[in-house]
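Pulled from TrEMBL:
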- 37-70: repeat 'TPR' (REPEAT)
- 71-104: repeat 'TPR' (REPEAT)
- 105-138: repeat 'TPR' (REPEAT)
- 222-255: repeat 'TPR' (REPEAT)
- 340-373: repeat 'TPR' (REPEAT)
- 394-462: domain 'J' (DOMAIN)
- 458-477: region 'Disordered' (REGION)
């Protein structure tokens, strides 16, 4: 166990060293006050010249902390802030420079320029006038005179814009404010007024641009975020609307307008997301029902009704409910005739309904607005191919059998139809003529589909009974009906009803 006397002795031994360290620290403080500010200033200047702004700023921070009355330290720091694009931080430093050294014209001129950009025209004008009264250099005098004239012109434009806005001449007001904001790029009031002008003019894209800029210029911009959210909402962009209203509530959770709007947008957004998930799961009827709920939730914004109908059109097309799809798609295209997605969906529905010519028209219209869409190209080629096939005789349809039908089924169907449509069964000349044509089609269908080679050709898109399709190949009906193998549909003379199945 260590004795108390021994411990005391060790502590007393270290006391001189502690006193030396304290003394050295005190000397360091004195040295800092005497020389470190100058060192920081010098290092800051070198780093600024080298473009190392963050490091330069650190040294000028230290210089200001070391000597709060050193106007050059503030001025150098303001210079770095301006080089970094942080004009808001530069302005208080320039004001402090002028407070410490009122005749520092360079700082006053720079402050005047910043105030001008902020739209604080009276304050800027005051700075420019004081520069001119303080024996400036030739360049400073020239700059101050020019900026003073510009300030006077801007004040005139602001007053004119205010009068135009009050008289609801929003187009003129916007043009006048354009000229103001070209110089006063950080002018909050002018941007707010111009945003309102754009809203009144229906120029929502431009209004959004100004409101976005205001969200960076103003610290508490709840009203700006609310306006952005409502604009996006009325444009049918529920996701952007939700993002902006959330920004409003971050600044003020109790903001009544934003909170009320938030609940509406959130509900609508949830319904739309649910509907899209149902489409991905191929639950198309459920998706249609969910999008019908969307239209009930927001019946007053046309864009959401249009969006819902567009997606219902898609769901019905995917579900192969052709007639319903065509009806809904057509309703959307009345309002938005260049909607490529809806044109593609309606074209698909037309294909399902065997309206190939209409499908081709829709695909061709869609292609004009989306030239590199492979889906459109493939759909158009398919519709054209199906149209060509539909214009040829479909022997399966003539006999009412499936493409997979066996020979016995084909013969049975043929025999039934041949008995029904034999021309001897009809006395009226017109009806007899119609029956003759039908009887020939039935006979040709039987001939093609009971011959393996001809049936294979037909299944590959070639009509063995069409001379043009044959292109010089053997034509089984060449020379009239005697080309039938063992069967003459009309017999000889008066129609003899006889069958010979090979």
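Cβ atoms here come from the backbone N, Cα and C positions, even for glycine.
Sequence-distant contacts of the repeat 'TPR' (37-70) (same chain, at least 6 residues past either end, Cβ-Cβ under 8 Å): 76-77, 79-81, 83-84, 100. Taken together, the residues in the domain 'J' (394-462) have a mean pLDDT of 89 on the 0 to 100 scale.
Distant neighbours of the repeat 'TPR' (340-373): 310, 313-314, 316-317, 320-323, 325-326, 329-330, 332-333, 379-380, 382-384, 386-387, 390; these residues of the same chain sit at least 6 beyond its ends, with a Cβ under 8 Å from one of its Cβ atoms. For the repeat 'TPR' (71-104), the list of distant contacts is 37, 40-41, 44-45, 48, 53, 56-57, 60-61, 63-64, 110-111, 114-115, 117, 134, 186: same-chain residues at least six beyond its ends, Cβ to Cβ under 8 Å. Residue counts for the repeat 'TPR' (105-138) under DSSP (helix as H, G, I; strand as E, B; rest coil) come to 27 helix, 0 strand, 7 coil.
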